[in-house]
Structures are given as structure tokens and as C-alpha cells.
There are 2 protein chains.
Amino acid sequence: MDQLESIKEFNGYLKRFTHYSKTCNSKMTFSIFLPPKAIHKKVPAIYWLSGLTCSDENARVKSGAQRFAAELGLAIIFPDTSPRGENIPDAKDRYDLGIGAGFYLNATQTPWSKYFQMYNYIVYELPSLIEEYFPILKSFKSITGHSMGGHGALICALKNPQIFRSASAFAPICNPINSQWGKNCFTEYLGNNKSDWYDYDATCLVNNGFKIDNILIDQGLSDDFYHEKQLLPENFIEVCNKMNQPLTFRFQEGYDHSYHFISTFIEDHIKFHASFLNK
Amino acid sequence: MDQLESIKEFNGYLKRFTHYSKTCNSKMTFSIFLPPKAIHKKVPAIYWLSGLTCSDENARVKSGAQRFAAELGLAIIFPDTSPRGENIPDAKDRYDLGIGAGFYLNATQTPWSKYFQMYNYIVYELPSLIEEYFPILKSFKSITGHSMGGHGALICALKNPQIFRSASAFAPICNPINSQWGKNCFTEYLGNNKSDWYDYDATCLVNNGFKIDNILIDQGLSDDFYHEKQLLPENFIEVCNKMNQPLTFRFQEGYDHSYHFISTFIEDHIKFHASFLNK
């Protein structure tokens, strides 16, 4: 593991590393914020999954999450959104496929499957690395994210309630098998057999009985992607009601899809996770 | 004035405009954050001056200032750091001269003098425009900034204590006539006569009897530009002591020159200005 940066912030440290990922067969980059409390003892961790076109850098610069993580004694891990590099397959004319668009799934189709194993990377390989090298408590993890990363947070948590104590999301892609982004990518990464898609769709997972105790979602009502039906939160709300999946879903009047929306509500999300992690 | 953006944030609005500046003979861009309180009544304003290479966008995305401005009922104005556009003179191989490097002075030398009139723009033209179009209280203004913008905040306030109630700065260029950045730019913008430079140097201004009641400065001790002697805070502290200029100067152990440093201490700065503006 190579350290690229270590920056003092809110009396803690924001660090950036590259490491070779066996899961993704390539170098991966991540950032981690260690709160001041981590100098003396192990702390719980929140995983932040970013959206399309993002890297590990967007949220650490724009979300404002570290202020509250420092106060509450939580680490935040910011993974990248896909493998990247010259040898990694990509769709250069598209922002919603390939590099920057890993969709937090395990690809099964050529040429993606050798590298795009983001689900296994986020759920298994990265936490195991993090818990080996940093003062992070093993069984105190939560997960959150934005847009494609909100989708990632929901599916990772729903499929692993024994690993993640809580999940939250900002404007998540709630039902990718019915959105244009999801259909395009799932066809490329998973093939044409739609039944293979259900495993990576939060709405399908809840419908199939997957469950997690604590979910908080914020969705702006002036979000263009919401109006373009890329996010489809109503489908998720409906299935949560049907299946008695606990859900706090807040529509936020006037807010868009940007980090300005995220920075407005990040305090609530960090405090939500802290209420389950700091027990 | 053309509105480019209006984004809801912290229950207020972040807006971006272009307008034709008579002072700078060109189109200028600025952003303004209006707190929720501004929907019902006029509010005080803080001017944020950014550093080398920045535009109006850096601080609004990275500083976290809007959270506290919203809470305390203050507007923030984010001007650009220079005129920019195809017709604007520039030094394309340099980040510290020309576009993005206006140094908040009125240039007197060709080719800069026709456009680079940033001091007059910040002190007179922009506030007058802002107070005409937005719900901003005329005589309740403060000013802050980072690096080159910290220099700008200090000189604008010291020369106009009747306009600005308080000044603060993050890692300001305190004594540009003795720093490499300052010497390069002042020679280009103001010519070789060093006595013309004193008027835009915070340390010289204090030494010459200019005074303002309230100054707060933070400086990271792991800031590379501090160690390269671009910032020279000790010269400013010394002259403030000599001239009985009130000054709260805080060296911050371990912090660098980045927005991570700024976001850590922005709460203190906004609250400092609020204590003079919300009277």
C-alpha cells in the first residue's frame, strides 16, 4: 500500500493510498479520514460510495462529512468508483459506463469481468485491508453514498445486514433495472439475462425479502435525474412499505442532485450512522 | 446582469452571475450565497477573496462557509480573482500572473492596466452592484480570503475601515513586496518604482498608520508556501505590535495551505465576522 497524501483536517487526518487489488486485478485508490479519536483508540467506520464520473476525491472535498466524523469519532472511507488506468476497459464516449461507472457490482461479461468486481472489492477486500492497517473497529461499519453510490450503499447493506449496521443514501438509483443508466450498464456488465440483474437492484432485493434495520434516504425534488426517471425512489418506497422494510425517506423541496444538496444534509446522515455505530 | 445558476443549499440559495464591469472593462463572474433569512429581510455580507489560480467557484464548493452563513443570517459574495476571457492579457506559462492572479490591486502598467483594476472592483463596483440587486445591508460588510485573497482582504479593509467592520484571512500573503510572488506581480502590474507598491502591502500599510479594529488570521505550520517565505506573517505580526494594530493571529500546528485547512477553521471566521455584523 502506498500513501499518496496525508492532510490534517478537523484535528484528524485525511489520507490517500493506492494498493494492488486482487479482486479487481489492478491498482485501486482510496481516501480515508481518521478522526482525532483514532490517535488513541479504534473507531467505527462509514463507507462513502460516490456517483458516476467521481473518484475517491469528490466527497472528501465537497461533502463536508469530515467535520461531523471528527466530532463523533468516526472514520470515513472513500473508495474509487471503478478500477482505472490504461489497461482498464472503458467506453471513452460515455460517462455512464466503464471507468468511473463501476456500479458496485461483479461484472460477468467480457471485457469487464476481469476488472470490474466492485461489489466484492467494497464488501470484502477493502474493509479487510482497512481493518488490517488502520485503527478501525471490525464489526462497526455503516455505508452511505450518492446517486450510483447510493444504489451501491443500499445493495451492499441489504445483502449484508450482518456487516453493515445502517445504510443511507443521497438521491440513490433505487431501481436500476428500470432506469436507462441501469439498463445500459447491467446489459454490458451482466449480460442480457434480466434475472441476473435483480441481485444488484435495491428495489428487487427488498421485494425478494432482503432486509436491513436502518435506512435513511434524502431525495431533492429539483433533481433533474429524478425527473428523468433515473432514480425511481417511488418504486423503492412502495416495495419497502409492502415488505415492512423500515425506511426514513425524505423528499427535500428545491434541492438538486449536486454536492450542495449533499453538504446540506450530510450532518443528519453522519449523526444517523453514529447513533448505531457509537453504541 | 445574467444569472448562470441558482442552487438551493442550507435552505438558502447559491447564485452565480456574469455582468459587464466598467472598472475592469470586461465581463466578470461572481457567486453569492443568500441565507434563508434574506428571503424576508436585508442581511449583512462577507466578501470572500480567493487565491492564485482560483475563480469564484473554489470557496463555494470547498470551504464549507455556507453552513455557518446560513445559520447566522449572513450573505457571502465570492468574486473572481481577475478578469478572464480571450481578450484579457495573460501570462500563459505562469499561474502567478495575469488571469487568476489579479492580486486585488489597480494595475498601472501596459497591458494590464486596462483590465486589472481588481481593487476598485472589489471595494466599489461590486458592492454597489450587489447592494442594488440583492437584499444586502449597505453598511454591514466584512472581508476575508485565502493566500492572495487573504492579502486582498487585509489591504481592502486596512484602506477602508469605514467600509469593512472586520477582516480575516487564511494563510495570507502578508508582505508581498518582500515575497517572490509579490515582487513578480507588482513589477508587472505597478512598475519598478517600489514606493508605488507600499499601497498594496498589508505590512507597509500598518507601518504607515492604516488601522482596522478587528483582524483574525490563521496560518498553518505545515504550509509549504509559509516555509518558502511567500507569506511572511512574522513581518505583519511585528509591525502590528509596533503600531498597536489589534490582531488575533493563530499558528495552527500541522495544517497546510489547502481548503482542508480552510474548512477546519471557517466556522471560527464566520462567527468572528458575525460578532461585528450582527449588531
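Counting begins at 1 with the first residue displayed.
Yeah, the Cβs are placed from backbone N, Cα and C, and that goes for glycine too.
Annotation for A:SER147 (active site, charge relay system): spatial neighbours A:GLY51, A:LEU52, A:PHE170, A:ALA171, A:PRO172, A:ILE173, A:PHE225, A:LEU231, A:HIS257, criterion Cβ-Cβ under 8 Å with sequence separation of six or more. Residues or ranges marked as active site, charge relay system by TrEMBL: A:SER147 (among others).
DSSP assigns A:ASP223 (active site, charge relay system) to coil, not to a helix or a strand. A:ASP223 (active site, charge relay system) counts 22 other C-beta atoms within 10 Å of its own C-beta, drawing on all protein chains shown. Per TrEMBL, active site, charge relay system is recorded for A:ASP223 (among others).
Annotated active site, charge relay system per TrEMBL: A:HIS257 (among others), in sequence order. The DSSP secondary structure for A:HIS257 (active site, charge relay system) is coil.
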Cβ atoms near A:HIS257 (active site, charge relay system) (within 10 Å, other residues, all chains): 21
